[in-house]
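Visitor: So that we are looking at the same thing, I have put the structure below in structure tokens.
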Amino acid sequence: MQVMRAKVKGSEILYRKSIIMENGKNVTWRRAYQKVYHIRINRIFKQNDKFKNATLHKNKIYTNPSDAMCGVHLENNTKYLLTGYMHDGRAHISVCGWVGEWTRIPQKQRKGVSHLYKKNCQCKVETCIRRGDGVCPSDNSTCVWRWHDSHNSCYATSSVCEQRADGNCKWSSGKLLKECKEKNRKRARQEP
């Protein structure tokens, strides 16, 4: 996994040619298969060995060309927080990762990326999609993130999965989290 802040400098679409038989004739067909973003890396927050040897050093990051294929659209001259993965020796991003415009990322998350999350690397965040009384699997090294929970966004923006003194990982419960949950409760009461 790679976590970085980078500014988009430009992009290009990569195409593949396919030859198909149509009415007894060979026809060349051209299709987009990847989008390449040219980036300037401002800061790397987390990087494993796979990324150190990747094409990232050439300031390129790849994605699928369409959002229907989980591709990501980035604007030129904009800074982003990007999380990515390796595929075929290249750094990739997708809608399944964390891609956010840097100026829109809440201060708590910026602080988390910069140093709080690093202190708690032994803790994992697992997404749970079960509703109702469905049990989400977890262990002492996991904080469960229930995407259907109305407070879900509060954990993402106002909390940190941190290791406690007893060694267990739990969501932090500070003032920002309480304020966010209260705001969500008020909003829910106002909805028809």
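Quick reminder: no glycine exception, Cβ is built from N, Cα and C everywhere.
Note that TrEMBL annotation is computational and uncurated.
Computed from a predicted structure; not experimentally measured.
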Visitor: For Cys123, which disulfide partner does TrEMBL record out of Cys70, Cys154, Cys169?
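Guide: Disulfide partner per TrEMBL record: Cys169.
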Visitor: Based on the record in TrEMBL, give the one of Cys143, Cys180 in a disulfide bond with Cys161.
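Guide: According to TrEMBL, the disulfide partner of Cys161 among Cys143, Cys180 is Cys143.
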